[in-house]
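Going by TrEMBL, these are the annotated features:
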| type | residues | note |
| --- | --- | --- |
| COMPBIAS | 338-353 | compositional bias 'Basic and acidic residues' |
| DOMAIN | 16-104 | domain 'Ig-like' |
| DOMAIN | 118-198 | domain 'Ig-like' |
| DOMAIN | 201-298 | domain 'Ig-like' |
| REGION | 338-359 | region 'Disordered' |
| TRANSMEM | 303-324 | transmembrane segment |
Amino acid sequence: AGFIKSPLSQKRLTQDSVELYCEAIGNPIPEIQWWFEGNEPNETYAQLWDGARQDRVKINATYNLHSTSTIYIANLTNDDSGMYECRASNDPDRNHLSKSPKVKWIRSQANVFVIERPDITTRVISEAGKLILSCNMTAPYPAISGHEWMHGDKILHTDTDISSLTSFIIEGKKEEHSGVYECVYKTSPVIKGQVNISVAPQVLAYKKSEHGNEGDTGVLICKSPSFPAVDSWAWYKNGQEVSARIINGSGRYIIKSSGNKTELRVLKLSIEEDTGDYHCNATNSYGSGSALVNLRVRSRLAALWPFLGIVAEVLVLVTIIFIYEKRRKPDEVLDGKGRLEKSNATNHKDKNVRQRNAN
């Protein structure tokens, strides 16, 4: 048995791609082939091979317990419209040129319609602190049942308007909302337009002030979340001219930049040489931008100062208590003992007198 697991009828736009999946079960494991019949009146089925149609056709097949095969066609044209057929057979004579196979080929079909992609005109207008994004689709185009505006995976707006013109308003400046936006027409198939808000790099320091201990490695990071991406990054020391540009790999500096992020590492930090301001500069096709990072290098003993301060305070307090105890006069204690002994002596004397008188 053989069957196509993809939808049996698919609509695609020119320049899009399509993928069909076929699966066959049998013993022994059957072979799968792909065939195509165009929409022209006199056109007949022709077998498709991997790399056909100027390498736009890719066929992948696996034969493990059962057969699976996928055909992928990129950059579709109107000539790709037609009937695609998956054929499966496990007869030993299935590919013989003169013998007829005893077991016929099992076939499953899917129809692909390729529709001419309409043109979409896009605009970005900035006025009175607002950005107006618009898309206008030119005829001919399929029936429209609504629109969506998207930024990445986030849906910003949706409606049920059937017009070919759609717009979306963003409150704020271009620098705050740069990126790629999509206007999506709810048609069959879905048609999308791309609106770009492009600005010079808006550079941000990961931390405006970085601290490091002497002898350690200092790490300074800058980012640019704006669109388009940064073409080149550069680091400067103390805001000086181009002659002060930091070269990657020179001295104790290592620079690692990728897309919208750059990182400067300063090895074996020195208080005298490395303390100061560093500038990260980004450039793209719309201009350049920069940010400042202040690097402070501390002595390795800096972490001990709070502890030493606490120890000093304890020593001073203990010394004060010790001196106070030494200088304190024991008058009250001694006077009490003296009075007690004198009183006892008087009592004994009176007792002796009374005893003699009694005798």
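Cβ atoms here come from the backbone N, Cα and C positions, even for glycine.
Model confidence over the domain 'Ig-like' (118-198) is summarised by a mean pLDDT of 94.
Secondary structure of the domain 'Ig-like' (16-104) per DSSP (helix as H, G, I; strand as E, B; remaining residues coil): 7 helix, 42 strand, 40 coil. When the domain 'Ig-like' (201-298) is classified with DSSP, helix, strand and coil residues number 7 helix, 54 strand, 37 coil.
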